[in-house]
Every structure is written in C-alpha cells, then in structure tokens.
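Colleague: Structure in structure tokens, see below.
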Amino acid sequence: MKLSPSILSADFANLARDVKMVEECGVEYLHIDIMDGQFVPNITMGDNVVKALRPITKLTLDVHLMVVNPERFIEDYANAGADILTIHQEATPHLHGALQKIRNAGMKAGVVINPATPVSSIQHVLHLTDQVLIMTVNPGFGGQTFLSECLEKVTEVAKIREEKGYSFDIEVDGGVDDKTISACKKAGANVFVAGSYIYNAKSPQERINALREGLR
Ligand SMILES: O=C(CO)[C@@H](O)[C@H](O)COP(=O)(O)O
Ligand SMILES: [Co+2]
C-alpha cells in the first residue's frame, strides 16, 4: 500500500519544505499534478518543477499529466527525473504508442481514466501499463468530493489484472481521506493520492497516520 501526497495543495512558496515534510512522515510517492488549461480548466506547473524537486527528495515522483497530446512531453519528464508518468486516455488518439514511448524513455507508464470513461477504453493497453489510475473526481482541482461510483471501475480493473496475470498498480485520485480510503482499498486499489486532506491540515503527520489506519 502506497501513499502519494499531491503537492497541488502544498504551499508553493515553500514547496521544498512541504515535500520534505511528507517524506519525513514516511510516505512512498509524491504526486505531481500537471495541468495545461486545455485538457482541464486549470494551469499548474510543468517539467521545470519536477526537475527542481528531483534532487531534494528520494520519493518516487508520480507525475499525473492532465494535458492534451501528452506524447509531446514524454522526453521532457524523463529528463526532469519523473519515475512514473501517467497520461489520460481521453487526451490522446495515440495511447498505445505514447505508453510504449514512456517505457522506452525509462519511466513507468501509467494510464488514467476520468469518471465518465469506461475501463473497456484501456483494455488494449493494459499489457503496456505499470499503473492504472482511476479518477475519483473530475480532474482539474483539489478538494473535491469523492465519487464513490468510480470504485466499481477499480474492482473491474483489478479483476482483469487477476484474469490476465498483469502486475500493474491501481491508484485512486480525488477526495481520498480517512473515511473514503478503506472503500478504495476494498475495491482493489493499492496506491492512494491525497492532496487537501494531507496538506490543508495543522498536522499532516496525523492525517497520514489516519490514512494508514484506514488501510488496516
Ligand atoms: O489530479 C488531481 C485533481 O485533478 C488530484 O491529484 C488532486 O490534487 C487531489 O486532490 P484532493 O482531492 O486529494 O484534494
Ligand atoms: Co492527480
């Protein structure tokens, strides 16, 4: 089970401090939300931030690319030091080739689907995938309400993984907190993104402990 705090809710003026803080709290991944103002109605950061964070943390950099035609940027994120690069099925007509390109660039390849997108839309690329991300909110912003109806897709993709003998991780992203995390685990997820729940708190350590408790 892996926790992946999303720096979208961190203090951007003290980003290095906020990254080191969650690392010291014992999380496994760091989730970096890249938004282009086109695929989603918000602009956040780019590969320059990944490059700046790479030397200051040993955490696995889990980059969630919410950009149109993500294949344009694969080399940039590899050069910046991303470990996992996750791209949206909805953002490219060349999903298969893009996932191959991510692996060839030396990163783990992730594929992500929005709440309205069915698991069947990624069935032909699962063999090329190291991580499947099921969005549990509509992408674009932190702090939204968890959409429990998305969990049936977690179960569906976990079943396919078992039937086909694949070994990809299953990540959930959006509205994850101490209450929703157990249902995510029960559905079959093993990587949990949490942004506002961790960072918008007086004690992120207590929130991380509460998430771990929810996973027991
Ligand atoms: O990708 C996204 C939003 O598009 C997420 O990674 C959010 O940053 C998660 O934030 P919370 O829902 O945990 O506040
Ligand atoms: Co995300």
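Using the three backbone atoms N, Cα and C, a Cβ is placed for every residue, glycine included.
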Colleague: Using only what TrEMBL says about divalent metal cation binding by His31, Asp33, His64, identify which of Asp130, Asp169, Asp173 is listed for that site too.
Modeller: Asp173
Colleague: Could you look at Ser6, Ser120 and say which one TrEMBL places alongside His64, Gly140, Phe141, Gly142, Gly143, Asp173, Gly174, Gly175, Gly195, Ser196 in the substrate site?
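Modeller: Answer per TrEMBL: Ser6.
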Colleague: Just checking: which of the recorded positions His64, Asp173, Ser196 have a C-beta under 6 Å from ligand 2?
Modeller: His64, Asp173
Colleague: Would you list, in sequence order, the residues of this chain other than Ser6, His64, Gly140, Phe141, Gly142, Gly143, Asp173, Gly174, Gly175, Gly195, Ser196 that have their CB within 8 A of the centroid of the site's CB atoms, where the site is the one recorded for substrate?
Modeller: Leu8, Ser9, Asp33, Val137, Pro139, Gln144, Val193
Colleague: List the residues of the same chain that sit at least 6 positions away from Gly175 (substrate binding site) in sequence and have their Cβ under 8 Å from its Cβ, in sequence order, or write 'none'.
Modeller: Thr136, Val137, Gln144, Thr145, Phe146, Leu147
Colleague: Hey, what's the Cβ neighbour count for Asp33 (active site, proton acceptor) at 10 Å?
Modeller: 24
